[in-house]
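Just below is one structure, and these are the notes that go with it.
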Amino acid sequence: MAAASNGSEYFEFDVETGRESFARPSNAETVEQDEEDLRWAAIGRLPSQRQGTHNAILRRSQTQTQTSGYADGNVVQTIDVKKLDRADREMLVRQALATSDQDNFKLLSAIKERLDRVGMEVPKIEVRFENLNIEADVQAGTRALPTLVNVSRDFFERCLSSLRIIKPRKHKLNILKDISGIIKPGRMTLLLGPPGSGKSTLLLALAGKLDKSLKKTGNITYNGENLNKFHVKRTSAYISQTDNHIAELTVRETLDFAARCQGASEGFAGYMKDLTRLEKERGIRPSSEIDAFMKAASVKGEKHSVSTDYVLKVLGLDVCSDTMVGNDMMRGVSGGQRKRVTTGEMTVGPRKTLFMDEISTGLDSSTTFQIVKCIRNFVHLMDATVLMALLQPAPETFDLFDDLILLSEGYMVYQGPREDVIAFFESLGFRLPPRKGVADFLQEVTSKKDQAQYWADPSKPYQFIPVSDIAAAFRNSKYGHAADSKLAAPFDKKSADPSALCRTKFAISGWENLKVCFVRELLLIKRHKFLYTFRTCQVGFVGLVTATVFLKTRLHPTSEQFGNEYLSCLFFGLVHMMFNGFSELPLMISRLPVFYKQRDNSFHPAWSWSIASWLLRVPYSVLEAVVWSGVVYFTVGLAPSAGRFFRYMLLLFSVHQMALGLFRMMASLARDMVIANTFGSAAILIVFLLGGFVIPKADIKPWWVWGFWVSPLSYGQRAIAVNEFTATRWMTPSAISDTTIGLNLLKLRSFPTNDYWYWIGIAVLIGYAILFNNVVTLALAYLNPLRKARAVVLDDPNEETALVADANQVISEKKGMILPFKPLTMTFHNVNYYVDMPKEMRSQGVPETRLQLLSNVSGVFSPGVLTALVGSSGAGKTTLMDVLAGRKTGGYTEGDIRISGHPKEQQTFARISGYVEQNDIHSPQVTVEESLWFSASLRLPKEITKEQKKEFVEQVMRLVELDTLRYALVGLPGTTGLSTEQRKRLTIAVELVANPSIIFMDEPTSGLDARAAAIVMRTVRNTVDTGRTVVCTIHQPSIDIFEAFDELLLMKRGGQVIYGGKLGTHSQVLVDYFQGINGVPPISSGYNPATWMLEVTTPALEEKYNMEFADLYKKSDQFREVEANIKQLSVPPEGSEPISFTSRYSQNQLSQFLLCLWKQNLVYWRSPEYNLVRLVFTTIAAFILGTVFWDIGSKRTSSQDLITVMGALYSACLFLGVSNASSVQPIVSIERTVFYREKAAGMYAPIPYAAAQGLVEIPYILTQTILYGVITYFTIGFERTFSKFVLYLVFMFLTFTYFTFYGMMAVGLTPNQHLAAVISSAFYSLWNLLSGFLVQKPLIPVWWIWFYYICPVAWTLQGVILSQLGDVESMINEPLFHGTVKEFIEYYFGYKPNMIGVSAAVLVGFCALFFSAFALSVKYLNFQRR
């Protein structure tokens, strides 16, 4: 026996010994039994205390002996389940599942059988809801649009209504209306209903996660107990529709974290001891594979869990377990895989009550079937309680459920066994047509537009039956009575297992929680390595600049003037450390959505995350302080003593910690990028102004002195000054006073002179860091995310008329789509597409440099023919569409693509084609009608009149049934505005209004319920019938959707085609082709051909029958027919010309600019969180500056007064400017994703778009300038002459403009907002240092003076100071200077009197430069990776 490195032990049995010990006849069953005996013999040899944590597994060798069935040299190995490596965990799961398919039936059956043999029962939960009503208060009509005026009105109305002065004017919206029901353990319940029926609200209410603003009445119980009696958030899980994950973690890391936090081991750990004890007592020997799995799954506190491997396998995520999850801007797993990660994250734990909200979005029907089947096995065998809402369940998926709840318009229309639902509707007079899925029928039968087609009672004429009547009929039917009688019987609490409901808030201890969060944060810091390295290099770089500006050869401790320069250097170090923390803000806010989701599911307490991230910032602060001190301290020549050097370093560390705490606090309180940026700037403004450097304490107004004592920077400033100026080298007697230079300087600037102020400074700064981080923890614990989803009730005058759809309208719609267009054929032959081999795969030893995603794909798309592109997830459907449409931004494409026989030209192709993307990307602040009008105006030819365009937009809106939503705001996905399916229809409509000849649609029906999918497909079919060429990728086609297609291109993983050609009536051509292949099981009657086709072409089946579907297709008649077709259509018809246009875009540049400006104007007017907040902040900042520097402009008797005025202007420029630059970045960033879609669609050129984006800012900047200018000009007390006031406003306007354009430029030049924030902050530091305030122009060394001239803040200061004080002849009489104010300005600041015009011209130049850089970045840079 030898001990292995991972805590495993080997027992080598040679085969002969094995045969003697267990002599039996040789067949497969006895071999298995022999192996089992060997395993138990190995376990039996272990000491008894180790038998609970060890298990025996059989390591199978490659060769299997024919005679005995034993492996040559097979090794039975005992492993310690607490020390499993990844290979062991994967092997355990594989052996326990006992199948290569994605199925858990054998494993769960074996576990159930094991428990049944000793008479143990698993805890069960029954969920009941009785008389549940849920109401929301909503704004109606145009008041629901968030314009600047409406938001201001809402704010004042809220204030007045909270003071009981007025009554709130809102409309009540009933989301759920008096519904009752039971969800039983051990039975799978499906929740169906059209969009807006209240499915998500019901799921959230049952999971105890209902938004506090909704009014709930009625009762919800688990096992007869109310929700406040136990921890409902740990007992049940709500699996959300939106996929919120940390993009930089891999799938496995995401699930491992979830498993540890939820205590994945609790599931089995609770009864493993009792189970093994009972088995020993009764002499029962379980299967060793199941025993090994259960033991491993019940191990607590391990970093990696066997539950993760199990969930990865069951959800089919094992293929992408080491891929980053990714997000919209970062490449990661596919949309369908991300949706499964969301499911896996909640199911990896021990929760057995699951409320699953549309978990199949983006999955093909066979994957959905597999997953639902695995969940059904879990429900039936482990007595779990599951309520699952699905949008378009295929018939075979629908049949997996036991019970059904049908909601519509908030009413409960049916609840009971699934098989009785058709009988109930037949009793009302409706009938299910043949070849129609039950789920599709149920979603449409309650709808006003679709109900009539299902009427089947010849005895009476059809009359619309409203939902309320159907709900009443259900309550009075035998099915309703049956449901009521179940509810009437009270739950038997005695039979309930007390351990079924969780009584503690978290699954693991506080220490464990902290460890888990710490490990994850450390991993994320490694993933954000570039950001942190960049920030450290930036500190080094700015430090180097500072060191060379204040070089010690130029500075000597011989006079107060040099002392002032040293003080500027010290102050700048502090301010830089402070600003360096600002980039923590976007990082923190981007992490909040995931944090809130995990907090609300009781993964971990808020403090464990906030402390872990705080602790990991400590080494980072140490590094920053060491780098800065190392570069700056001795180069500048600060007090040469080791003690003072280390004290300097400690002080910088404390300031950095305080700053990180401050910005994290801002982020956790604001919870929104724009608001946080704005109020973050306001906080720094106060801290900075009252820090004791810009204004000495003696000059601070009495009403602001408290601010000086509260400002953390003032303590840092005093400590750093005391540390330097009490050193021995500053003890030379002063020439202008009777003390030493050092003490005189401290007194002049109102600093204390005692050494203990250094230690007070350190203590206060660290105290602030602790305080701020505690506030972060409290904010994370008690505040909820902003921007909750709100239903918006819109007043639509046409609502009633729109619902009456008559035959004439349908006919006119079909005609209405015919604006003139040219039918086109697209052929493509042997298309290949490669990308560079991903690093992860190269690191695993893959030798190739390129990865092939498409392999010799050929086909034809013809006019009037609807083609489906089908394949499992990852088959390359979207890739093929992107390549054909010319949407790929990277990779290598080969092959021949032709349009009506002519080679494809991308620029003209964008004009004649439309591309409906899978992600519905739209500007959030415009309405549905405005989105369509914008697209139509830009993309329809100039020749079409405005009236024709309007009529066309109307017809398209009716066609996709968006006419009742014309005034609805688009909003952000998953939070505000349109629902998923409404957004999808809008995406299609935006392309249809362009009147294209060829339309590509990527997943037009994913994320839609059956009725919405039918509406979309009806739209698509109508479009094709007008003679257009339409191609759709499709995931989950129901029979009717699939059979709406004419032709099919079927792909498999690796981007290979396995079928191309006609579908035939009832898909007969396709079925005949596959049934003609030897080994393919035939299709059963009434089964969905799309589902069957995906099931019979899986890799598992290819392996089983040893065949390659791609090769078989290449040898088939179908393939030869397609090739012949391509050959014939690749030659242009005689006399035909390739498509060409006189210009690249359908509108000229001026029209593009005006339309972009029109849209941007709407976006800005409806962005109160940006524009209203900016104006409010400007007003607050102006009042702060005005009251801090009250009347300082009229004092001109001393140099200190003039320096203070300069300080006021410098602070205002820097802070308001930086605030403008920071808060514009998220707006530009959101609009950029929309721009990428619109640019790819050929809507407009980049320059008109950029011009509109820049120009729309001007009126808001002007308003901001007037607000700021009027307040500060008169409070600071400058001369009240009109010309000086106008000049002041002009300089401020130009300053705010160049800062805003600089912020836009920073986003334009970088791939994401985080990097834009970090890079722009580097320049703020340099502008701060060399703007002429900290180091005046005459004192800037010759090697840096060039930077002074390219620093825009320097020109602002020069312009403003000269415009206000450049002509003042008042005298200054001081020991160091004697002359007029005008002369002092030239002597001290280096400003020449005739430079006002030049300064203004230079600032206009900076505005133009930054704007041009933004425009060029928009034109030439593309950070979208496709």
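Just so it is clear, glycine is given a Cβ too, placed from its N, Cα and C backbone atoms.
Given the structure is predicted, the values throughout are model-derived calculations rather than measurements.
Features reported for this protein in Swiss-Prot:
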CARBOHYD  Asn6  N-linked glycosylation site
CARBOHYD  Asn150  N-linked glycosylation site
DOMAIN    160-434  domain 'ABC transporter 1'
BINDING   Gly193, Pro194, Pro195, Gly196, Ser197, Gly198, Lys199, Ser200  ATP 1 binding site
CARBOHYD  Asn219  N-linked glycosylation site
MOD_RES   Thr276  phosphothreonine
TRANSMEM  530-550  transmembrane segment
TRANSMEM  569-589  transmembrane segment
TRANSMEM  618-638  transmembrane segment
TRANSMEM  649-669  transmembrane segment
TRANSMEM  675-695  transmembrane segment
DOMAIN    826-1078  domain 'ABC transporter 2'
CARBOHYD  Asn856  N-linked glycosylation site
BINDING   Gly871, Ser872, Ser873, Gly874, Ala875, Gly876, Lys877, Thr878  ATP 2 binding site
DOMAIN    1151-1365  domain 'ABC transmembrane type-2 2'
TRANSMEM  1172-1192  transmembrane segment
TRANSMEM  1202-1222  transmembrane segment
TRANSMEM  1258-1278  transmembrane segment
TRANSMEM  1285-1305  transmembrane segment
TRANSMEM  1315-1335  transmembrane segment
TRANSMEM  1342-1362  transmembrane segment
TRANSMEM  1396-1416  transmembrane segment
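Positions of the features from Swiss-Prot, shown on the structure.
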residue: Asn150; record: N-linked glycosylation site; DSSP (3 states): helix
residue: Pro194; record: ATP 1 binding site; DSSP (3 states): coil
residue: Lys199; record: ATP 1 binding site; DSSP (3 states): helix
residue: Asn856; record: N-linked glycosylation site; DSSP (3 states): strand
residue: Ser872; record: ATP 2 binding site; DSSP (3 states): coil
residue: Lys877; record: ATP 2 binding site; DSSP (3 states): helix
Additional residues surrounding ATP 1, by Cβ distance to the Gly193, Pro194, Pro195, Gly196, Ser197, Gly198, Lys199, Ser200 centre under 8 Å: Leu407, Ser408
Shortest C-alpha distance to Gly876 (ATP 2 binding site) - which of the recorded positions Asn150, Pro195, Gly196, Thr276: Pro195
Proximity of the transmembrane segment (675-695) to the transmembrane segment (1342-1362), 3+ C-beta pairs under 8 angstroms: no
Nearest-integer angstrom distance between the alpha carbons (Cα) of Ser873 (ATP 2 binding site) and Ser200 (ATP 1 binding site): 26
Annotated stretches the transmembrane segment (569-589) and the transmembrane segment (649-669) touching (3 or more Cβ pairs under 8 Å): yes
Output field, ATP 2 shell: CB within 8 Å of site CB centroid, site Gly871, Ser872, Ser873, Gly874, Ala875, Gly876, Lys877, Thr878 dropped: Ser334, Thr879, Thr1033, Met1051, Arg1053
Highest-contact recorded stretch vs the transmembrane segment (1396-1416), from 1202-1222, 1285-1305, 1315-1335, CB pairs under 8 Å: 1285-1305
Chain-internal residues near Ser872 (ATP 2 binding site), provided their CB is under 8 angstroms and they sit 6+ positions away: Asp364, Ser366, Thr367, Lys1052, Arg1053, Leu1094, Thr1098
Which of Asn150, Asn219, Thr276, Ser873, Thr878, all recorded positions, has a Cβ with the fewest other Cβ atoms inside 10 Å: Asn219
Contact set, same chain, for the transmembrane segment (1285-1305): CB under 8 Å, 6 or more residues outside the stretch: 1213, 1216-1218, 1220-1225, 1228, 1253-1254, 1257-1258, 1261-1262, 1264-1266, 1268-1269, 1273, 1278, 1316, 1320, 1323, 1352-1353, 1356, 1359-1360, 1363-1364, 1396, 1399-1400, 1403-1404, 1406-1407, 1410-1411, 1413-1414, 1417
Proximal but sequence-remote residues of the same chain as Asn856 (N-linked glycosylation site) (Cβ under 8 Å, at least 6 apart): Asn830, Val831, Asn832, Gln1056, Val1057
Least buried by Cβ count (within 10 Å) of the binding-site residues Gly196, Gly871, Gly874, Gly876: Gly196
Dominant neighbour of the transmembrane segment (1258-1278) in 618-638, 1172-1192, 1202-1222, 1315-1335, 1342-1362, by Cβ pairs under 8 Å: 1172-1192
Chain residues in Cβ proximity to the transmembrane segment (618-638) (below 8 Å; excluding those fewer than six residues from its ends, i.e. six or more beyond): 525, 532, 535-536, 539-540, 543-544, 546-548, 550-552, 555, 566, 569-570, 573, 576-577, 580, 644-645, 648-650, 652-653, 656-657, 660, 724
Contact ranking winner - 530-550, 649-669, 1172-1192, 1202-1222, 1315-1335 against the transmembrane segment (1342-1362), Cβ under 8 Å: 1315-1335
Contact set, same chain, for the transmembrane segment (1315-1335): CB under 8 Å, 6 or more residues outside the stretch: 531, 534-535, 538, 541-542, 545-546, 549-550, 565, 568, 571-572, 575-576, 579-580, 582-583, 585-586, 1206-1207, 1210, 1213-1214, 1218, 1221-1222, 1225, 1229, 1302-1303, 1306-1307, 1309, 1344, 1347-1348, 1351-1354, 1357-1358, 1389-1390
Binding-site residues compared (Lys199, Lys877) - highest count of Cβ atoms within 10 Å: Lys877
Residue pair Pro194 (ATP 1 binding site), Asn150 (N-linked glycosylation site) - Cα distance, angstrom, rounded: 31
For Ala875 (ATP 2 binding site), nearby residues of its own chain (Cβ under 8 Å, 6 or more apart in sequence): Met1051, Lys1052, Arg1053, Gly1054, Gly1055
Cβ atoms near Gly193 (ATP 1 binding site) (within 10 Å, other residues, all chains): 25
